[in-house]
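Here is what TrEMBL records for this protein:
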| type | residues | note |
| --- | --- | --- |
| ACT_SITE | B:SER42 | active site |
| ACT_SITE | B:LYS87 | active site |
| DOMAIN | B:24-100 | domain 'Peptidase S26' |
| DOMAIN | B:110-150 | domain 'Peptidase S26' |
Amino acid sequence: MVTTGGFSAFSSSGNVRRLLSTLSFLPVGVAVNELIGSFMFVDGRSMQPTLNPAYSGSYTSSRDLVFVAKWPIKVWRRYRKGEVVVLRSPVDPDVEVIRRLTGREREWRTRRVGMRQEPILEGFCWVTGDNPLYSEDSETYGPVPLALIEGWVAYVVWPLNRVGPVPKRVIQAPHAQRMPPQDL
Amino acid sequence: MRSSAELLDETRYNVVDLVKFSCTLYCLHEYVADVTALAGPSMLPTFNEAGDIVVVDCLHVKLGRPLQKGDIVIARSPSNPSNTVCKRVLGLPGDRILIQPQYWYQQEHVLQVPPGMLWLEGDNPFNSTDSRTYGPVPMALVKGLVAFKLYPLHEFGPLPRTFRRPGARYPKLDRETGIRK
């Protein structure tokens, strides 16, 4: 057996080698989570009839576990109106929020509080929570870029009595009008 | 002649290694650093219209370090989710921006950058689609900081953080009359 005089800690110890070979799968996990899909717990009550219906804010209240599909968004760029999506908050880059995509580009919207119609520009969308009382959404911060959307909330995985696909629901906004914007 | 089971085993290990390699590459590009080619006229005095190769520092953004005014960033385009843009940070949250008119029907006005957003503009104000068109850009869209220019070789080196747009000239105008002083 040939031995070199230097450090041979990595090759000699089986434990270290095993640890390294396990660590080499870490990027695979990260890439799968970012490109294919991941499981997330839903926090808060902004989507309440649809997600977290029993959530009341206490630690004991149940939270939904959902499967978030990233592939359709990140690879296919499939943004459908009426679907529930995960997006990075436009006001805080560290926070991810779940909202329903209720408007696409080339539409006009009026916020609940306000008089003026505002256009949804090319590449932007309108997101709202299903529970308007408890959600900070496009009614507050206006249209958000589609590039902020990270995934499509496809299935509820937990609790077991509500396992199933998250329903797609196209909400006709009270003042939504479909017309081409004249001058953006 | 090797048995088919052996061959299958070898292929399996090769595929696993390939997957591991590509995922490591993806993570390096997303989280550590990226080498990209820039194209387009919007950053013209700083970057050429085509053929510039730069190193993008993604770790700076992923670690949550604050951006400064004058940084050049790569961000996902707000107007097209599958594109990225390269712009200069001209405003941080809370800053008040004097927006120069882009078209004849627009007026000069002041806007305050909302929290969590940035004001991005290209160095070439005459041919740049930037925050003047699509408004302040969420910080979550920023992918990385352009740190170093690799190519062309005579411009090799770190990029200076000049806040004033290099090459752009602002004529001094009289407030009342609008005549050049």
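Backbone N, Cα and C define each Cβ position, glycine as well.
The model shown is predicted, which means the values in this text are computed figures rather than measured ones.
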Sequence gap of 6 or more, Cβ distance under 8 Å: name the residues on the same chain that satisfy this around B:SER42 (active site), in order along the sequence. B:VAL85, B:CYS86, B:LYS87, B:GLY122, B:ASP123, B:ASN124, B:ASN127, B:SER128, B:THR129, B:ASP130
Quick one: DSSP breakdown of the domain 'Peptidase S26' (B:24-100) into helix, strand and coil? 13 helix, 32 strand, 32 coil
Sort the residues of the domain 'Peptidase S26' (B:110-150) into helix, strand and coil with DSSP and give the three counts. 7 helix, 19 strand, 15 coil
